[in-house]
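Asks: TrEMBL lists these features:
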type	residues	note
BINDING	L31, R32, G73, K76, T77, T78, E139, D140, F141, R182, Y192, R229	ATP binding site
DOMAIN	62-195	domain 'AAA+ ATPase'
BINDING	T77	Mg(2+) binding site
REGION	193-263	region 'Small ATPAse domain (RuvB-S)'
REGION	266-374	region 'Head domain (RuvB-H)'
BINDING	R321, R326	DNA binding site
REGION	348-374	region 'Disordered'
COMPBIAS	363-374	compositional bias 'Basic and acidic residues'
Amino acid sequence: MAEGAIDPAELGGRLVGSGADEVERAAEAALRPKKLEEFVGQQVVRDQLSLVLHASIARDAAPDHVLLSGPPGLGKTTLAMIIAAELGTSLRVTSGPAIQHAGDLAAVLSSLEEGEVLFIDEIHRLARPAEELLYVAMEDFRVDVVVGKGAGASAIPLALPPFTVVGATTRSGLLPAPLRDRFGFTGHLDFYAAADLERVILRSAGLLGVEVRHEAAHEIAGRSRGTPRIANRLLRRVRDWAQVRGDGVLDLHAARSALQVYEVDPIGLDRLDRAVLDALCRRFGGGPVGLTTLAMMVGEEPETVETVAEPYLVREGLVARTPRGRVATAEAWDHLGLEAPPGTWAAGAAAVEPGTSQAARTLFDEAEGRDPRP
Ligand SMILES: Nc1ncnc2c1ncn2[C@@H]1O[C@H](COP(=O)(O)OP(=O)(O)OP(=O)(O)O)[C@@H](O)[C@H]1O
């Protein structure tokens, strides 16, 4: 690597993608809040959860099962760890995709100790037989162990000690109602306000032992897509820049220069996001255009465009999903510094319906199976 170059290998992917790989998870571990009071923002969920936990501690009983829903990188795993820590118990971790058969889940459940917290990430991806086993375990603290095969098979009930399931999901709409109903408390994590992300950045900078100016924290927060994981990731990249090309202090100049190197624009769009907008507006006159065609134009798989770039573009009101395909909103044209020509969807939609971005968000929420935001 050339002297002064910044190595993006640690990222293992997109700088502003909200998922995380193994390498990144290790970097994140050091920055995780350990107590509820250190968990920044999400005031409503924090208050509600605090009541659930303190009541259970006062009663000396395992709390109700907890379901945490919300997009990736907003703190579901962190909250699960905090729940176990606040209860003074240990956390067992598994995930929907890791459990292939009901027997795998039975093995995990039957090894739980009294009061332990079982964290099931991506719980909406559990296979149906495992789901059914989980209902019974959550409700009756019992698993039925099947012995033998075929007509001679019998189920031997095995009592489990009281425990608490913390389920995390990015798609709560996909959870079957019987499973959702087994959770006594559901907390929905929403994207963070910029002021909260600034606090996340200042806290993380303290833990990393770097000096960050308020204006720099503000700048990074504004480009972090409402997501603490991205805020921490951008902070680490700005730290790299400051150490390699600056004087080690994370000031506004360092923040802007580093984020320019990584092509993260002032509202947090990266190269793929901009390529999608560009193709939509310049190549397809603002759409509507089908996902496959759009993906082909930007040289990506349709799934990548749909799951990686599109959610944020839709949330920001730059792209709308209509029954006839993707369309660029007036905000998208604006962001690219272009004027929506007459006859485009944006020009027409803006004239008919002034709250274009709200309309786009509503479409997105409906597509995600969530209630449209007010
Ligand atoms: N409220 C918060 N305050 C401070 N840091 C936070 C907060 N929420 C998340 N973080 C940080 O963001 C990173 C990602 O959080 P976490 O892994 O808990 O997200 P997640 O919702 O479980 O994501 P995924 O669904 O991808 O597993 C962690 O490093 C964590 O420390």
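For all residues, glycine too, the Cβ spot is worked out from N, Cα and C.
Computed from a predicted structure; not experimentally measured.
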Asks: For the region 'Small ATPAse domain (RuvB-S)' (193-263), jot down how many residues DSSP puts in helix, in strand and in coil.
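Replies: The region 'Small ATPAse domain (RuvB-S)' (193-263) comes out at 51 helix, 2 strand, 18 coil.
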Asks: Looking at the binding-site residues L31, G73, T77, Y192, R321, which have a C-beta within less than 6 Å of some atom in ligand 1?
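Replies: Once distances to ligand 1 are taken from each Cβ, L31, G73, T77 fall under 6 Å.
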Asks: What's the CA-CA gap between G73 (ATP binding site) and R326 (DNA binding site) in angstrom, rounded?
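Replies: Per the Cα atoms, G73 (ATP binding site) and R326 (DNA binding site) stand 26 Å apart.
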Asks: For the binding-site residues listed here (F141, Y192), tell me which residue's CB has the most neighbouring CB atoms inside 10 Å.
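Replies: Per the Cβ count within 10 Å, the most buried is Y192.
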Asks: Rounded to a whole angstrom, what is the largest C-alpha distance between any two of the residues L31, R32, G73, K76, T77, T78, E139, D140, F141, R182, Y192, R229 that the record assigns to ATP?
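Replies: Max span of the ATP binding residues, Cα based, is 37 Å.
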Asks: Determine, from DSSP, whether G73 (ATP binding site) sits in helix, strand or coil.
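Replies: Coil, per DSSP.
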Asks: Quick one: Cα separation, R321 (DNA binding site) versus Y192 (ATP binding site), in Å?
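Replies: R321 (DNA binding site) to Y192 (ATP binding site), Cα-Cα distance: 24 Å.
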Asks: Out of L31, T77, E139, F141, Y192, the binding-site residues in the record, which is closest to R326 (DNA binding site) when you go by Cα distance?
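Replies: Comparing Cα positions, the closest of these binding-site residues turns out to be Y192.
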Asks: Within 10 Å of the Cβ of T77 (ATP binding site), how many other Cβ atoms can be counted across all chains shown?
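Replies: Its Cβ shell of radius 10 Å holds 22 other Cβ atoms.
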Asks: What's the most sparsely packed of the binding-site residues R321, R326, counting other C-beta atoms within 10 A?
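Replies: Each of the binding-site residues R321, R326 was scored; lowest Cβ tally within 10 Å is R321.
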Asks: Kindly assign Y192 (ATP binding site) to one of the three DSSP-derived states: helix, strand or coil.
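Replies: SS state of Y192 (ATP binding site) = coil.
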Asks: What is the total of other Cβ atoms whose distance to the Cβ of L31 (ATP binding site) is within 10 Å?
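Replies: Excluding its own Cβ, L31 (ATP binding site) sees 19 Cβ atoms within 10 Å.
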Asks: If you draw a 10 Å sphere on the Cβ of E139 (ATP binding site), how many other Cβ atoms land inside?
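Replies: 12, counting other Cβ atoms within 10 Å of E139 (ATP binding site).
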Asks: At a 10 Å cut-off from the C-beta of G73 (ATP binding site), count the other C-beta atoms across all protein chains.
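Replies: Its Cβ shell of radius 10 Å holds 27 other Cβ atoms.
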Asks: Could you tell me which three-state DSSP class L31 (ATP binding site) falls into?
Replies: coil
